[in-house]
Amino acid sequence: MTSMLSEILVLPILLPLLTGAVLVLVNERHHQLKYVLNQLSTLLLLVLACWLLIVTDGPATGDDLLVYLAANWVAPFGIVLVGDRLASLFLVLAALLANCALLFSYSRWAKLGVHFHTLFQLLLMGINGAVLTGDLFNLFVFFEVMLAASYGLLLHGYNITRIRAGMQYIVVNLIASVFFLLGIALVYAATGSLNFADLARLIPELAPAQRQLMHTGAAILAVAFLTKSAMWPLGFWLPTTYSAASPPVTAMLVLLTKIGVYVVLRLNYLWFGDTAGSSAGFGNTMLLYGGLLTLAFGAIGLLASQDPGRIASYSAVISSGILLALIGLGQDLTLSAMLFYLLSSTLAVAAFVLLTELIERIYTPTDSVLALSMEFFALDGEKKESAGVVIPAAMAFLGLAFAACALIMAGLPPLSGFIAKFSILHQLLQTPMHASSWVFLLLLFVAGLTAIISLMRFGVRSFWTAHSAQSPRLKFSEVSPVLLLLLVCINMAIFAGPLSGLLERVADDLVQTSRYIEQVLQTVAVNREGQ
Amino acid sequence: MEIILALAIGILFASGVWLVLRPRSFQVITGLLLLSYAVNLFIFITGRISLNKPPLTLDETALDPALYADPLPQALVLTAIVIGFATTALYLVVLLGSRGLTGTDHVDGKEKETDE
């Protein structure tokens, strides 16, 4: 790969870092300026991510990946950043969600505390780094950057609920980091390498004693990633945290669980794929059963929850369960359907999280939602009524947007949720069916059913039995992100064909691990004289 | 030597786990510190135990790896110490905030009658 192009891989990490640093210097009084800088940088990130996706997918590069050698050290020794289709896809997803969450935060939430914008950019840096890195220890570093920023964002708009949730969230994640480090140490002790591609090359040739150590290390690493992706029984932190955080932050947290799934997906295929010798398929059984239990847990939790924050949380748990179980089933055919579901469910749950905050205003029409937070964070100078254009027909918008969210989350036709579930079903039925596949299908239907029940109950209660018929005041900047996310979902349903084509190629990349391994290890250092 | 290190790591880890499961947030943070010490030691010895061996050489003629300690775990452990320190400090701030807002240092943010 030509070195000029692979330089752009470092930009999705550098851009948020620099923006975050610049935003620290801008005084909190210039809220408008901070917001504009942040939004511009996030928009630029989206453009960059789309460009990367086009480059990695485009015919110009063939099947090449972009490999960036940091400080010009070649692969197993130095730090590499690797951009392939899967990574670019996640970059686009992250940037899209970030733009929507940020836009939503403009009129109220960003003003609730200090350094929101800086933390937001650092979170993006962590996410992008974790997605792009090709090295286990850097994955740890970027995970910590991402988590440290998420601790700060969770506590943003400081109140007792958030502090209580934050204490648990931080402890759980610190312990998960301990496991992450233990896993890294064991993997290094077993193989003497930390580079993803190099490890994938070494694993088929390991001696039995070392293989055992490697498996132990991988299992301990999995504890860390599965805690992030909220697999039962490691995911009890999720509902409390999600319902405590402010809506734009929760939308970003929804993405964080998917980053956990991303790492599991990548490492599972790279290290324990078909070419891994006697390690092939290691851990799949655990992922499958864990995924099924998560799915069941999410479905039961969803049925029991009345509060919108909890409905969103358990929907995220269900989506994690489906994804992990599908990885565990280990059928390459279902991969593209799984990725489709991942995109659709992430966007829909994020849209739902943002929407519920607006729906709650039917009951509390004034700015009293913020009262609890305002109490602990003195904002005397600010005027109460937030800026922005008020949109007409607020109730109609809320109702329609809620219906769209519900259709996608429950997987009913005609929106993208249905296509996702249908293609999972369709692809799965073409593979040899085991008892566990049938259990998975059954749970998939049950989860859909509980989602319908739970969402309908919430909808009926919010819209049809509303005590105050007064229509809430909604700002344009709050409505447009929800609308945008839903539009993306609708377009995913309309352009399902081309998107599936792209996802097929992503899945193919994942399965053909030799391409990844060869290209990362064979990338040569840049000649200093430029000859 | 291996036995002493293994025992030290085991005892640190076990004490850490026990403390993390306690109800007071101060005990939890002490437990987290012990856990991270144990893990740092563990990373350090994955480069094999070696005494009096430098990790690097500037002498290009003598490059027998057996004469040198593995530098990578040392680099890793430095990074891990810094990150662990920072995140624990962050937790300490939240802990103090929680103590100030809720008036108790219980991890749930509220006192239960059944606690010690």
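Glycine too: its Cβ is placed from the backbone N, Cα and C atoms.
Given the structure is predicted, the values throughout are model-derived calculations rather than measurements.
Record features (TrEMBL):
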TRANSMEM  A:36-54  transmembrane segment
TRANSMEM  A:66-83  transmembrane segment
TRANSMEM  A:89-107  transmembrane segment
DOMAIN    A:134-445  domain 'NADH:quinone oxidoreductase/Mrp antiporter transmembrane'
TRANSMEM  A:139-158  transmembrane segment
TRANSMEM  A:170-197  transmembrane segment
TRANSMEM  A:217-238  transmembrane segment
TRANSMEM  A:250-271  transmembrane segment
TRANSMEM  A:286-304  transmembrane segment
TRANSMEM  A:311-329  transmembrane segment
TRANSMEM  A:335-355  transmembrane segment
TRANSMEM  A:389-412  transmembrane segment
TRANSMEM  A:438-460  transmembrane segment
Report summary line: For the transmembrane segment (A:217-238), out of A:139-158, A:311-329, A:389-412, A:438-460, most C-beta pairs under 8 A are with A:311-329
Query raised in the report: Of the listed stretches A:89-107, A:389-412, A:438-460, which one has the most C-beta pairs under 8 A with the transmembrane segment (A:311-329)?
Result: A:438-460
Query raised in the report: Short question: which residues 6 or more past the ends of the transmembrane segment (A:36-54) have a Cβ under 8 Å from it?
Result: 8-9, 11-12, 15-16, 19, 22-23, 26, 66, 83, 85, 87-89, 91-92, 94-96, 98-99, 102-103, 106, 117, 120-121, 124, 128
Report summary line: Answer key: the stretch among A:89-107, A:139-158, A:170-197, A:250-271, A:389-412 with most Cβ pairs under 8 A to the transmembrane segment (A:66-83) is A:170-197
Query - Criterion met for the transmembrane segment (A:250-271) and the transmembrane segment (A:389-412) (at least three Cβ pairs under 8 Å) - result: no
Report summary line: Outside the transmembrane segment (A:89-107), at least 6 residues beyond either end, the same-chain residues with a Cβ under 8 Å of its Cβ set are 12, 35, 38-39, 42-43, 45-46, 48-50, 52-53, 116, 120, 124, 127-128, 131-132, 246-249, 251-252, 254-255, 258-259, 262, 339, 343, 346-347, 350-351, 354, 386-388, 475, 477-478, 480-482, 484-485, 488, 502-503, 506
Report summary line: The answer for the transmembrane segment (A:335-355), taking Cβ pairs under 8 Å and residues 6+ beyond its ends, is 89, 93, 96-97, 100-101, 104, 242, 247-248, 250-251, 254-255, 258, 261, 308-309, 311-312, 315-316, 319, 322-323, 326-327, 398, 401-402, 405, 408-409, 416-417, 419-421, 423-424, 426-428, 478, 481-482, 485-486, 488-489, 492, 496, 499-500, 503-504, 506-507, 510-511
Report task. State the non-local partners of the transmembrane segment (A:139-158) in its own chain: residues 6+ outside its ends, Cβ under 8 Å from one of its Cβ atoms. Result -> 109, 112-113, 115-116, 119-120, 122-123, 125-127, 129-130, 133, 165-166, 169-170, 173, 177, 180-181, 184, 224, 228, 241, 244-246, 249, 252-253, 256, 259, 263, 370, 373, 376-377
